[in-house]
Amino acid sequence: MAYFPNIGTIPYEGPESRNPLAFKFYNPDEKVGGKTMEEHLRFSVAYWHTFTGDGSDPFGVGNMIRPWNTYSGMDLAKARVEAAFELFEKLNVPFFCFHDVDIAPEGETLSETYKNLDEIVDMIEEYMKTSKTKLLWNTANLFSHPRFVHGAATSCNADVFAYAAAKVKKGLEIAKRLGAENYVFWGGREGYETLLNTDMKLELDNLARFLHMAVDYAKEIGFDGQFLIEPKPKEPTKHQYDFDVATALAFLQTYGLKDHFKFNIEANHATLAGHTFEHELRVARIHGMLGSVDANQGDTLLGWDTDEFPTDLYTTTLAMYEILQNGGLGRGGLNFDAKVRRGSFEPEDLFYAHIAGMDSFAIGLKVAHRLLEDRVFEQFIEERYKSYTEGIGREIVEGTADFKKLEEYALQLGDIRNTSGRLERLKTLLNQYLLEVSAPSGSRS
């Protein structure tokens, strides 16, 4: 059965095209700096928002029109697989991602849940044999079911800890079987509402124990994918332990886990933490911890995770600027952890949304590449910090200066003169590059 019968393979038609079902900027085979766009961007479709999301919110029931929703139970799960690979093929995306409960319904017992998962994984495995689309990452949902009300690895109930471990064990086995590039840990319930009833030390210790067990089991079964932590400060939990990259990095270092993990950074989670997307990418990058990206955007006027498709070209450009300086994402990718708006309820809206996101990151890639090629910001930064390449600044950097020497130097100083940060000039340059690249004539790559 065709679930999108009126939509064919999405072509690249260039920036002058007015076809809503065509890419204007994303040309998978176009080379940018020696690699194709497809190799740079490594796009991925999120199974949960795209195939299980129904548009419901706290004020209204689901309203999405989805042809596969005429089914229920395991028949619905199978229909979603069919619809998924049809969409993957028509968008020509190289990757997808899922939580365990996205692909198969939970049973009355853990054994029944395993049975359901095995049946759907069999089906996915068959589709993957003839599809270019591979598994970027999978994960276990450890936050939706009432059993996880107090957390999973940080639950006050050891039975819940054990159940969560069983789900992750199964998830790692699925990851190995389907050839996942990564495995993600997102602690939506790993945190607390109040310290009045919380043993924070025990919870953090247990979270570390849980992650060490996961590392050990991955080695035991021969799964060599990259482990990823996805930081988020809040929602659904008031205070989550993986608040942001800096917080999660400190946790990994404290518990001897840093060498086993990198970060999966989501734009909207950065917004909730009070950071820009590029800030979180930069912190991860300079510590060698940038692993993958959940590509979306938030609404700064709203205080929750809106998971909008990314269309802000400043953000996609500055994100790709960090990713290119990182040497790419390695085994990671750009996963669209994004959902169409409640008012965009027709099946074709799924295509319009992904086209918008893919085009936006294609522009960001080309602008970032040209900025780096022309060393626009690098030249300015080098000049700004020039005082640390000579004289007393060089001694500071090389570790040969101490407080006594610095005091002696400072006592001899006259007036200290600073130079302008030129922020407005730099923003003008960024605008100029964006306009040049996004215009039809801006095709240099």
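Our numbering is plain: 1 for the first residue shown, then up by one each step along the chain.
Placement of Cβ uses the backbone N, Cα and C atoms for every residue, glycine included.
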Report summary line: Joining E230, E266, D294 at the Mg(2+) 1 site recorded in Swiss-Prot, out of D199, D337, D349, is D337
Query - When distances run from the Cα of E230 (Mg(2+) 1 binding site) to each of the recorded positions H99, H269, D305, the nearest one - result: H269
Requested in this report: Please report how many Å separate the Cα atom of H99 (active site) from that of D337 (Mg(2+) 1 binding site), as a whole number.
Outcome: 12
Query raised in the report: Sorted by position, what residues of the same chain at least six away from E266 (Mg(2+) 1 binding site) have a C-beta under 8 A from it?
Result: E230, P231, K232, V293, D294, N296, D337
**Report entry** Three-state secondary structure, which DSSP defines for D102 (active site)
**Finding:** helix
